[in-house]
Amino acid sequence: MTIKAQPTLHTARLELVPLGHEHREFTMKLDMDPEVMKMVAFGRPFTEDEAIQVHTWLMNCATSVPGFGTWVGFAEGEFVGWWVLAPVPTTENPKSFRTDRTEYGFRVSPKFWGQGYAKEGAREMVRYAFEELGLAEVIGETMTINMASRAVMAGCGLTHVETFFNKYDTPPPGIEEGEVRYSITREEWLRMQKPSMTRSRWFPAFASWLPRLLLSRLWSYIFQGRRLAAGAASP
């Protein structure tokens with residue numbers, strides 16, 4: 001499979017554009033927002049220097065494995081958030097990356113919380129990873145108590161596969177309950193697509209002949225009713 005440069009992606013409401021230097025203000029604003037960061041990393045907003053480092057890392061994801069990278073999402077021209085397909089280091093060498101597996105993540109502006117944008121962008125990441133990149137697995141991680149992020153992963157078809165515990169110099173509140181890893185394989189994702197694909201094939205035809213069938217039955221009943229009424233009125 002030939003992997004082209006990181007493409008612009010689209011969903012029903014989002015235009016997902018490859019992250020560029022011109023988007024640094026957007027990513028930094030999210031990373032320095034206390035509400036956004038309370039269940040991420042240190043559990044506190046990043047400093048300006050830390051936010052710059054995160055933006056640099058997000059940019060570098062596009063050079064790690066062909067097709068991977070970060071996308072910034074816009075709805076009707078307004079910045080919504082970012083989504084990333086990040087590289088997963090190999091067990092043999094942390095400086096080399098697996099080409100069949102990715103870890104996805106996202107941040108969404110609080111203005112757009114509760115409107116389905118996080119899941120909409122995440123589903124497109126999963127679709128792109130399997131359908132266009134041909135990857136074998138997509139994983140995601142978050143704090144155990146971060147139920148919103150867990151709901152997004154579950155909504156994309158990922159299932160909980162592991163709870164783990166890391167040690168942090170400055171542990172965020174709630175980290176004592178651990179972190180969770182979710183996963184979905186390409187085969188699992190493909191099985192999820194088959195029912196919807198089947199429905200999309202038969203529904204248009206079904207929708208076209210169902211009204212005709214009902215109308216035919218209705219006319220038959222009316223006609224039969226008239227005959228019975230006429231027979232009852234006959235001497």
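Cβ from N, Cα, C; glycine included.
Values in this document were obtained by computation on a predicted structure and should not be read as measured data.
Binding of CoA is attributed by Swiss-Prot to PHE106, ARG107, VAL108, ASN146, ALA151, VAL152, MET153, and the same site annotation extends, among GLY114, GLY134, to GLY114. The C-beta environment of MET153 (CoA binding site), restricted to residues of the same chain at least 6 apart in sequence and closer than 8 Å, consists of ALA122, GLY140, THR142, TYR182. In sequence order, THR27, LEU30, ASP31, VAL36, VAL40, GLY81, TRP82 make up the list of same-chain residues 6 or more apart from ARG107 (CoA binding site) whose Cβ falls under 8 Å from its Cβ. For ASN146 (CoA binding site), applying a Cβ distance below 8 Å and a minimum sequence separation of six or more within one chain yields MET39.
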